[in-house]
Amino acid sequence: MGSFDLNPEAVSVTLALGIVIYLFALCSNLLLLGIIAVHIHLHQPMYILLFSLSFNDVIGATAMIPPVLYNLMLEDRQTSFLACLFQAFGLHWYGGASYLILSAMALDRYIAICHPLRYHAIMSKNAVTYLIMLCCIINVLLVGSVFGLTLRFPFCSTNVPNFYCDNMSMLRMTCAKDITLNSIYGLFITGFYHGLGLVSIVFSYAFILIACFRNKESDARSKALYTCATHFLVFVVYECSAVVVVLVYRIPQSPLNLKKFMAMSFVLFPSCLNPIIYGAKTKEIKQTLPQ
């Protein structure tokens, strides 16, 4: 498995920094999960979905950071097939679930602001539970099908070409001579996730903005826009992280270690920033924090 090309002193610094980043992401998300779980008044659809998003961030950070740090410490940077498969599945699960949950949150905000009188009838606890289950089922089917196409090939190599395992890395380890179907299907799945997130947010926020400007009560309008701004900011963090990964690999002059670090940004940035954004921007959560 490839890793960062660092001297011993830089390895120590990188390990320390990686541990700090992981502990921050883990502890901040666990704190957010604990706050939502303990406080009964936060057992509302918006916060249940936020609970799911934060739990997903824990999955992503745990799938990415510890294996990378572990391989960085070892001179023989080999990994088992099952370990590679679990990491790859965890990372793809994290990416897909993030966009599905954000789409569900956009739907929740649309109903809350555009249909407030029917909100509790539509977004009941059972409805939210079914919505989360639907997101999980869709994610299992899509991510599972991606790896199903890869696992149909026999593996000819134990050397992971990337510094972490993902579907494309595993595909390059197979004996397959033609991976056109895998590439097209993978591109389709990626487009589906990003398209679903973008379309759901654009359409829901368009109706939300119309409803807000029709509302003559300035306090209600400000509260609605403030709540939506938090959700939109989180979506921007995910999209910017994805764009950074794409761009940095298309700049030939970029240092290899920078490319590798930025490739981790689609997990690092959201998992670290989401608890800060919601903790600082959401009044109900901020009030539960110790002063």
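Including glycine, each Cβ sits where the backbone N, Cα and C put it.
TrEMBL annotations:
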type: TRANSMEM; residues: 15-40; note: transmembrane segment
type: DOMAIN; residues: 28-278; note: domain 'G-protein coupled receptors family 1 profile'
type: TRANSMEM; residues: 47-65; note: transmembrane segment
type: TRANSMEM; residues: 85-107; note: transmembrane segment
type: TRANSMEM; residues: 128-151; note: transmembrane segment
type: TRANSMEM; residues: 192-213; note: transmembrane segment
type: TRANSMEM; residues: 225-249; note: transmembrane segment
type: TRANSMEM; residues: 261-280; note: transmembrane segment
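When Cβ distances are compared across the two stretches, the transmembrane segment (85-107) makes contact with the transmembrane segment (192-213), since 3 or more pairs at least 6 residues apart fall below 8 angstroms. Counting only same-chain residues 6+ beyond the ends of the transmembrane segment (128-151), those with a CB under 8 A from a CB of the stretch are 45, 48-49, 52, 85, 88-89, 92-93, 96-97, 100-101, 104, 107-108, 167, 170-171, 174, 181-182, 185-186, 189, 192-193.
Note: the stretches the transmembrane segment (15-40) and the transmembrane segment (192-213) are not in contact (fewer than 3 CB pairs below 8 A, sequence gap of 6 or more). Within its own chain, the transmembrane segment (261-280) is flanked in space by residues 4, 21, 24-25, 28-29, 31-32, 50, 53-54, 57-58, 60-61, 63-65, 68, 91, 94-95, 98, 163-164, 230, 233-234, 237-238, 240-242, 244-245, 248-249, 286, 289, which lie at least six positions past its ends and keep a Cβ under 8 Å from the stretch.
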